[in-house]
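Below you'll find the structure, written out as structure tokens, and then a few comments.
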Amino acid sequence: MGMRMMFTVFLLVVLAITVVSFPLDRESDGANAEARTHDHEKHALDRNGCCRNPACESHRCG
């Protein structure tokens, strides 16, 4: 196997990895699944009517 053939195989492998990983990045939106919260969870109130999010401006307790 010559150097030119090895380089061509290397380029094909890099291209294949790029093509396969691109759709996976789009599905994850580039965000950590654990860090992602839904809008209804961000400003959800607990039993006492307090907002659980520290950045919440309304219904703050404590």
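Backbone N, Cα and C define each Cβ position, glycine as well.
What you see is a predicted model, and the numbers here were worked out from it, not measured in a lab.
What Swiss-Prot records for this protein:
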- 1-21: signal peptide (SIGNAL)
- Cys50-Cys56: disulfide bond (DISULFID)
- Cys51-Cys61: disulfide bond (DISULFID)
- Cys61: cysteine amide (MOD_RES)
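Mapped onto three states, the DSSP output places Cys51 (disulfide bond) in strand.
Considering other CB atoms within 10 Å as the measure, the emptiest surroundings among the disulfide-bonded residues Cys50, Cys51 are those of Cys50.
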